[in-house]
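Trainee: The feature active site, proton acceptor is assigned by TrEMBL to 68. Under the heading active site, proton donor, TrEMBL lists 96. The active site annotation in TrEMBL covers 196, 535. What TrEMBL lists as GTP binding site is 67-73, 95-97, 360, 386-388, 699, 725-727, 808-810. Annotation comment: TrEMBL describes 68, 95 as Mg(2+) binding site. Taken from TrEMBL, the feature IMP binding site covers 68-71, 93-96, 185, 199, 279, 294, 358, 524, 538, 618, 633, 697. The substrate binding site annotation in TrEMBL covers 354, 355, 356, 357, 358, 359, 360, 693, 694, 695, 696, 697, 698, 699.
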């Protein structure tokens, strides 16, 4: 029996139930070890260096807890063994403190920690939101201390710009939420990601077009002014900001690059890449303690979505975890120590935020949360930091399990915060070592009790420590399936972490589209963008919230009031709220049997060797990061979205099949380099029945775009392709392939550009192949295809570098050729 799972989706209930200086490596500040054996061998400095040297070509350092684990220190140590160090997500809310060889302290927020190694190239990827004044301040601070940045920092042209007004909005939103405040860094991260998924954000590439920049910025500032009465905006504000950004644009230009191309070219040329994660897994927008999270994906999937590299390219991932647990700001903290115990850890460990200076809350190491983090990231090893902070304790506790009040054990880290608050933590007590270990450099020289602590963590987590320092729509679909004899009971699971898409999100989608007038994106008006905006603003409502109808009305009221304050044509009052709450009480009752912790389900299935097929929605060229922004969807339909949407590690992903038509189609607005206008496009449209499944809109049609296809294969790492609708081309005398993009001067563009203005100016170079002028819809063997059809297939393979293993020659399930 097949089981269908919906995870990090937006659910609309009505439709779901009808269809630096260079420094040599030193072990002076890190113990490199394998703690699997009871008496592990000593490692010399040379052996320790060799272990680091053996890390895979693309390796990553990610936080396991709620941030502040000490990732920057490890990255700084490892960076000299890598040619590129890259940031993939977050913004200036990340704070990494590192020291140069003279002991000079550097607090970095945007620049990757590898900057102190003079041979390292630092990349700020497309998933990062960049506050230019802060970035320049960091660069100035580095250069004034003798650290050269010129030619050593690259910033993605696809990265979004974070403006000062985003920070203002962050504070206004936090004030509005009053007692339910999230406790953000007020660095504007949430509002900037909200602009991004609303598809009216401004990217780095927009700085190259100062003729349209003021209009785009005006739209964003006007949007904020209409939403917050205390937000002051007028022509003088816009004029001053535009003048500032003209200067910033000129200074930033040497740093701007197509980092997707840079990263994939580096992989192809076997260069070693280290990815530096910001924040940490338990702050992930999908897998963290929502809404007390960040607005990005600091788990392993964020490497793919934030840099444009395929999951299969990622090798060793090192999880950084403190020997105890800390958290800044609000949010659940099961193992928190209140009173003198917490104070002792806070001052011994100097637990005050790098970014905010806020005192961190402290507690015992939470094994349940750590195991969950290891599970969804697939860490190859852990780096245990600040073990020395525990040295003054007589005994040390480990939070090894969560228990219900009736004593039943909870198998995985819950998404439901109300449930999390009710659980009791079961502790295991281990002896302390009461001695200074700060100068120890060999694992075997640690006190026996310290080694026991390390080894017990390994045993409990199962990962070696190698380094120590629309519900309505849903119901309609189910009803439609069951009325046609398709049983759904026990066969569909919906993630408790999935976000709910309400009718009002669809209304807002239409209102926003109308507002944009001529610059409209051409959305399906299904409310996808506004729902994802609620999610990254961290005031979205998740499936698990349906289990708490006492707080549900308040949360929904906040969302509806937000929409009403933003759009004058949005009608909202007490009756609307009352009716909607009544509806969702019914939906909640009906949905309950379908709700599951799908992160646990998926990882348990992987552990038990069950075969899993992941079905992507939309397509790569509509990806929020890699598509033709802003004419994109609001999610990540590229390979990284598998990790961020299901909570599985990149290394768990095997074969990825890319599906591509034998020609190209597009619905709605947006660039389309190989589009055929006139009779040619009409012929393909009617022969291929190219009308949108969701909208019924006629699709625009054109020749197959090899440049876009090669780009898609690159960032996804497809093992093979499925070429569909080859039969539609059967009536053509000749067929063209768009094999290259050329500048007006004839120079070839090496990769798919992020800059739409540039894309519009490029000319497509075509290669003409003969047609086959015969019906192929009944052919089932590749060798029986006409010679010209086989030539077409094989030329695509040759140009793209990915094998085509499946060929569709008709609409039926059996109309498939296995090549």
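Every residue number used here counts from 1 along the chain in the order it is shown.
From the backbone N, Cα and C atoms, a Cβ is placed for every residue, glycine too.
Any TrEMBL annotation is an automated prediction that lacks curation.
In terms of burial and nearby residues, how do these features look in this structure?
Mentor: DSSP assigns residue 68 (active site, proton acceptor) to coil in the three-state reduction, outside any helix or strand. Within 10 Å of the C-beta atom of residue 68 (active site, proton acceptor) sit 27 other C-beta atoms, taking all shown protein chains into account.
Taking all protein chains in view, 25 other C-beta atoms sit within 10 angstroms of the C-beta of residue 96 (active site, proton donor).
Applying an 8 A CB threshold to same-chain residues 6+ apart, the list for residue 196 (active site) reads 129, 160, 536, 624.
DSSP assigns residue 535 (active site) to a helical segment in the three-state reduction.
Counting every protein chain shown, 27 other Cβ atoms lie within 10 Å of the Cβ of residue 71 (IMP binding site).
In the structure as shown, the Cβ atom of residue 360 (substrate binding site) sits within 10 Å of 21 other Cβ atoms. DSSP assigns residue 360 (substrate binding site) to coil in the three-state reduction, outside any helix or strand.
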Trainee: Taking DSSP as the reference, which of helix, strand or coil describes residue 618 (IMP binding site)?
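Mentor: SS state of residue 618 (IMP binding site) = coil.
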Trainee: What whole-number Å value do you get for the CA-CA distance of residue 618 (IMP binding site) and residue 696 (substrate binding site)?
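Mentor: Roughly 15 Å, rounded to the nearest whole number.
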Trainee: Please compare the recorded positions 358, 535, 725 by how many other CB atoms fall within 10 Å of each one's CB, and tell me which has the fewest.
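Mentor: Result for the recorded positions 358, 535, 725: minimum number of other Cβ atoms within 10 Å at 358.
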Trainee: Among the binding-site residues listed here (67, 698), identify the one with the smallest other-Cβ count within 10 Å.
Mentor: 698
Trainee: Where residue 535 (active site) and residue 199 (IMP binding site) are concerned, what is their Cα separation in Å, rounded?
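Mentor: Cα-Cα distance, residue 535 (active site) to residue 199 (IMP binding site): 14 Å.
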Trainee: So which recorded positions out of 96, 199, 698 end up within 10 angstroms of residue 70 (GTP binding site), measuring C-alpha to C-alpha?
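Mentor: So the list is 96.
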Trainee: Of the recorded positions 95, 96, 199, 360, which one has its Cα closest to the Cα of residue 808 (GTP binding site)?
Mentor: 199
